[in-house]
Each structure stands twice: as structure tokens, then as C-alpha cells.
């Protein structure tokens, strides 16, 4: 028995000893504590096992032979959470790298306890706050990387204490203040990369004390003053990168003494004077960028000494004189850009010696002479742009035979002769632009092999012959411009093969025959102009299939017959010109559906019947409504008074009768209103609009008189000749139209054009009665709470205007006081007659709102579909929308900063719920202040999901609808046409700017056109932050100003031009919460704490 006990004791002792041996050492436990503050969503740190004896084999850990941890490298592991200073318990730690993760929070001050640290890399995370002064106590530090975070404040002036520092990389933050002169103490510093911040002041001359400096990168800041001459002391400097600042003065000749310089990037500043000849002493120069300054004078011939240069860009200056032939000595040159200067003389044939040249752009100058034959032998030339000069003669015949072109643009010159045949020999040509020259002959059939071509622009020449059938094999063509030539023949049915075509211009030629019905295959076409030809026949109804078209011009031909009703399906049309043809019949009533139309030209035809009252629905008409010189009869519809933006109205030379509607006299935008030569009676309405117009606009109506005269007498016509219209009237009215557009329409055209050019095709209508599809009618068809359709009619007084709460793109919202005393909001969606978007909105909104519940989301009580009425029943918000509240005057605005802060946080939480907690994820698509509704306590509720997009909803018909409202639309949508949650975040950032500034999202054109640009411009112009804040707010409270400044930063994060740089909504909620929780005031001004422009990723900072 005793022996057994002894044996058992030995076993237990051995087991205990084994455990002691296998237990994790102190450094391993420190790392596990450090890991506890991180979220390892991808499991990269799964090898960090507490059962190991030491951490030396763990992922990202490096040790000495004595198993002491010296390096923690967690780069790119998708980690989030916060950075714990517990890591400094690793006393042998020399390197800490957590870059390219999602770690947030401030940089811990206690990192200063890492006394042996040599490398600290926190780049590309979500760190915010200031750079802790305590970091300057780590005197062993050699490399400090803090780039691509959200740090603000200034560089600690104690930075000079880091005597061992070799590399300081802090670009892409929101740092401000001056470059501290104490950096002169950093004798071992080799690299400074501090671009894309908000540093101001001058470049300190003391920086010349950094005698080891090789790279000085301060691009994209707000630095001012001249370039310090003391920089010549930096004899080790290879890269001087100062682009996009506010530097001015002349480039000092002393820059030529920095003998090792390889990169000199001074572009996008305000440098004046000439390019110093001493720049030719920089014989090691590789890249020289001086573009977008105000440089004058001639390019020095000494430029030819830069024999190792690969890229030289002097574009967008005011340089004069000849292009130096010495450029031909730089045999390594790959890029030469001299465009947009005032350069004269011929193109030097010596450029033909640059056999490595890839890109040559000499456009927008005053160059003359011929194109040197030598250029056609450059084997690596891919981009040649010579447009907008005074070049003449023939294009070299072998151009393209030896060169692998992708872009070739020689437009806007005086080139003559035939088009050479070898442009696309290597099948890489993407753009060929030879327009606005004097080229003659036929379009070369050799282009039939150019499958790569996307843009072919040969307009405004003297080309003859017919359209080569081979052109229609170029399936990648998106733009075909052959206007204003002498081309003839029929339009081939093969035109329909170009299914990627977006722009087709065939105007001002001699084409005959009919437009082939295959034109309907061009379903991506945006602009189609075939005006001023000899085309006959009917306008093909198949044009109604070109649903993306925005500009259609068929004027000045010989088209006859009725106008196809199908043209009313082109709901994206902005400009429709059918004038000067032989069209008969009535104006299609379906034209009332073209609600985006800005210009409608139907004059000079044989149209008859009445003017459709539906034209009054074209409330976007602005440029012109011209239905003159036809055979129209009946009265002028009173509905034309709805065209509140219209500037030019031509109704003259018809057979119209009755009186002039008083509503037209109230169109304050009207510049021209010609209703002469009709059968109108009565008096001209005595309004300011008509008072400023000449009486000739009303002449030729024998029963019409001017009310301003004491004795009302008929107005005498100036001319009633239809022939006068056909000969010169059309041109005269066009001239008047253009003049008025220039004077009165620049801003509004830009405003509407920017908004509508980014809109996409609406889907075909799908009947709501179809209940076979899930998530559409099954769950929510019957309204909740016992509401009936008749009850809703009674509660809204038959949808009276008196109870209208608001109007939107999808419908009108009414206040409904139900018989039981409950108040709700009823949204009546637009009828099908206004397009399918209403029913798509109905379906998407139900599918979305019916499934979610959140305190900051507007509740959907139910919906009702009755005959053709689609009704949504919402929770009533007594305080209306945020937009309405912000638009009130100073005395009526009920929103102090505390209320605005709570609204910002509540709306952020609602949007965060949609993005992160709904399955599938919901993207709102139309976040704006008018869609953030307020209850009686001013609590925010996100509403109006008429444009909502469920990422995975198979049956949602709103997926290709336009995303957002003008002023709120993310910039990337214009070219990607894709909607992501980042678009919502951009829009929400605009809402935050509205809350802070009190300004609407759309600003005058001279101020940038939208609120984001206005704020960015104010910051760049050093406007004090407090002057950007809403004047109705109390800015005497420091805490309030501090919170507003922080929310302004958040807004600028959200409205970053790069979607990848925008935070998630969870991060936005966290930042807004932290803004109020912050206890200390920032000492720096926000005026320059935010990067406002994204740099090209290929450029160094």
C-alpha cells in the first residue's frame, strides 16, 4: 500500500513538473494580453497558443536565440480593435508593425515605455487623435511610420529629440501647423514623407540641417512662400516632392546645385518667372515635373543636359518661344508633356531621335508647320496628342506603321490630304481623333481591322464617299463622330451592330434614304445627332428602344408622317429636336412622360391638332419649347404655366385661338415668348414678363391687343410669311436661342446636366398585381391597424392639397387624421402614367421597410393598393424633415447644436442598422436632409426608401434606378454607375455638412457647385472654421465649437473622393459618439486638418 502511494506521488510530481516546463513564459502572456484588445476576424493569430512554452513560433513574432521577443509584425492581417501599450512589457522589442489593418482609437501615450523600439509602423489604420508627445521620448527610434490614418494636430516640436530617427513617414493624415524647425537636429534623417496633410506656413530653411536627407516629400499641403535657397545644402537629396501646395516666387537657380537630385516635383503650385538654366546641371534627373504653375519665358536649351531623364512635364504654364531641339539629346525620355502653353514654331524633327518615347503631348499651343516625318518611326510611341495647334500639311503616311498607338489625337489643326491607313496596325488603338481639320478622301477601309477602337472622331473635315460597311464591325466603338463632312449614301442597317455605341454624330452631311429600324439595337446610345441631311421616310418607332438616350436631334431633314408615340418612352431624354422636317399629325401625348426634357424643338413641320395639355408636365424644360410654324389649332393650354424654368417659348405661326393664359405671364424665367401670327384674342396679360417683351412677339393676332395701351388696338404683324421661316427664320431663332442660353442658362444647365447625366435606365414596368413573386405581396398586402382605402380618402380629404406634407420624386406625402384620432402619414406614389419608377419604388419600399424595426427608422404601418393608387402608410413625424428645419430663418429655426448633434447621431445609427444589421444588407441610395424625419422630440428617423436597394433582393426593380439626389451623389457613381454603402456614407457626410453650416447641398457655381466643394474651398483658402459654421448657432461655447469641429472632420472623412477612404457607418457612429465624449479642446484649427484631394496613387508624396 505504501509503495502504491509513493508511486502515485511520483506520477503527480512528474506531471506537475511537466506542466511547469510547458507553461507559457512571461513574454507570451504579455502578447496574449496584447491580443485581447484586437479582433482577429480572419484567425491569423490562431497560432498564439497559451499551451506553448514561448511565443517564438507564433505568427508575426521574431525572437533572439535566447527566445527574447524582438519583433511583432502583424501587417495586413485584417485586425481591428485598439492598440494596447502592454506590448511595451516586451523589454527587448525593437520592431512593432501593425500596418494595413483596421485598428482604431488614439495612439497610446504609454508606447513611450517601449525603450528599445527602433521601428514603429502604424500606417494604414484608423488611428485618430494627435501624435503623442511621449513618442519623442523613444530615443532609440529609427523609423516612425504613421501614414494613412486620421491623425490631427501638429508635429510635436520635440521631434528633434529623436536623434536616431532615419525615416519619418506621416503622409495622408489631417495634420496641421508648421514644419517644426527642430527637425534640423535630426542629422541622421534620410526620409521625410509628410504629404497629403494640411501643413501651412513656409518650408523652414532649418531643414537644410538634415544633412543626410535623401527624400523630402511635402506634397498636397498648404505650404506657402518661396523655395528656400538653403535646400542646396542637402547634397544627398534625391527626391524633392512639393507638388500641390501654395508655393510661389521664382524657382531659385540654386536648385541646380542639388547635384544628386533625381526627382523634382514642383507641379500644381504658383511658381512664376522662367525655368532656370541651372536646372540643366541636374544630370542625374529622372523625373522633372513643373506643370500647372505660372511659368513664363522660353524653355532653356540646357534642358538637353538631362540625359538620364525619363519624364519631363512642363504643361499648363505660359511658356513661350520654340520647343528646344536639345530635347532630342535626352535619349532615355519616355514622357514629354508640353501641352497648354504658348509655344510657337515647328515641332523639332530632333524629337524623332527619342526612340524610347512613349507619350508625347504638345497640344493646345501655337505650333505650326508640318508634322515631322521622323515621328512616324518611334517604335514605343503609344500616346501622341497634337490637337489644337496650327499644324498643316499631310499626316505622315507611315504613322502607326511602327508605333503601337493607343491614343492618337491631331484634331483642331489645318491638316489636309487623306487619312493614312496604318493607324491601327498593332490592334491597340483606342482613340483616334482627327476632327476639325481639312482632311479629304474616303474613310479608310483599313479601320475595319481595328477591333480595339472605342472612339473614332473624324467630324468637321472634307471626307467624301459613303460609310464603309467595315466600320460596323468595330464592336467596341462607344463614340462615332463623322459630322460636318461631305459623306453621302444610305445609312446601313449594319449600324445596329454597334451595340456599345453611346455617341453617334452624323449631322451636316448628305446622307439619304431612311434611318434603318436596326437603330433600335443601340440600347446604350446617349447622344444621336443626324440633323441637316437629306433623310426621308418615317422616324422609326424602333428609336423607342434606345431607352438610355439623352440627346436626339433629327432636325433639318425630310422626315414625314406621324411622330412615333414610342418616342415618349425615352424617359431620359434631355434634348429632342425634330424641327424643319415634314412631320404631320398631332404632337404625341406621350411626350408628357419626358419629364427630364430641357429642350423640345418641333418647329417648321406640318403638325396639326391641339397642343397636348401633357406638355405642361415637362417641368424641366428650360432651354426652349419651340412648336412654331406648324398648323396647330385650339387654345394654348393653361398647363404650360407649369413650366417654371422655361426661358424661350415659340408658339408663333400656327392657328391657335382663344386668349393667352394668364399662367404663362407668370413664368418669370421667360426671356422670349413669341406667339405672333395666330388667331388669338383678348388682351396680353399685364405681367412683368410680357411688359419687357417687344410687341412684335404678339403681332399678327387680329383679335389681340396690348393691355398697356389706353385704347386697345390690334397689334400689327411684322411678317406672316411661312416662307420667311423656311428661309431664314430657323437660323435667326437659333441665334437668339444660343444668345439667351449663354446669358441666362449657364448655371442651371450645368446644375441639371450634372444631375441627369449620371442617371441610368429605368427598368420595364412589372404589374403589382403579379403576386407570384415572394417578398412583394405575400406579407404586407393588407394594411395594418384596420385602415381602409375609404378611411384614408376621408382622412386626407380626398388627398387635398391642404394636407400635403411634402413631395418627392416618387410621390406626394399627405397628413391623415384617422377617425380614431390617430395621425399617420400617407405617401401616394405617382401613377403608372409617369413611368414605372413609382411601382418599382412601391415594391422596393415595401420589401425593405416591412421587414425592419429600429428606433431611428420610420415605421411602415402598412400599404394599400386600390385600382391605380399605391399608398404607403407611415408613422407621422410632427416636426417634418431635417431639410425643412434647416431652411427656416434665424428666428424660426428650432435646432440648436445639441439638437443637431442628436439628429446626426440618430440618423447615423439608423443608417448603421441598415448597413450592418439587416440581412440582406440594405443600401438606402437617397440619403439627404429631406429624408431624415423628426418626431415631436426632434429624434431622427431615416425614411423614404423609394430608391432603396436590397443587395440580394432578386425581384427588386429599383436596382438600376438613379442613386440619390443632386448635391448628395458620390463622385464615383458618375463613372461606375454602381451603388454601394460607400455612396450612402458620402451622402450622409453631406447631411453632416448641412447640419454644421446650415447651407443647402447645392451652392452657386462660382463657389464650387455643391456644399462639399464649398467647404473644401473654404478650408484651402484658410477661412477660419468658425466662419463656416451656421450663424444661427451659438459659437461662444468652446465645447460646442469643439464638437462641431470634430463633426466637420467626420463629414470630410465621409465625403472623401475615394470610397476606400470613407469610414463604415459603424465607425461613423463611434466617431460621432467620441466627439461628444471628448473632454479636451483641440488646440489646432480645423481649417487645414483634413486632406481634401486624393493624390494619384502613382505619385509619390
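In case you wondered, yes, glycine gets a Cβ from its N, Cα and C as well.
According to Swiss-Prot, the feature signal peptide maps to 1-23.
Averaged over the topological domain 'Extracellular' (24-734), the predicted model has a pLDDT of 93. Positions annotated as topological domain 'Extracellular' by Swiss-Prot: 24-734.
Packing against the repeat 'LRR 3' (117-137) from elsewhere in the chain are residues 75, 83, 93-111, 143-156, 158-159, 161-162, 164, 169-170, 175, 1063, 1067, 1071, 1082: each is 6 or more residues past its ends and has a CB under 8 Å from a CB in it. According to Swiss-Prot, the feature repeat 'LRR 3' maps to 117-137.
The repeat 'LRR 20' annotation in Swiss-Prot covers 524-546. In terms of DSSP secondary structure, the repeat 'LRR 20' (524-546) contains 5 helix, 5 strand, 13 coil.
Residues or ranges marked as repeat 'LRR 26' in Swiss-Prot: 669-692.
Look at Swiss-Prot and you will find 735-755 tagged as transmembrane segment, backed by sequence analysis.
Marked as domain 'Protein kinase' by Swiss-Prot on the basis of sequence analysis: 799-1081.
Annotation comment: Swiss-Prot describes 1076-1101 as region 'Disordered'.
Positions annotated as compositional bias 'Low complexity' by Swiss-Prot: 1078-1088.
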| query | Using DSSP, how many residues of the repeat 'LRR 26' (669-692) fall into helix, strand and coil, respectively? | reply | 4 helix, 9 strand, 11 coil
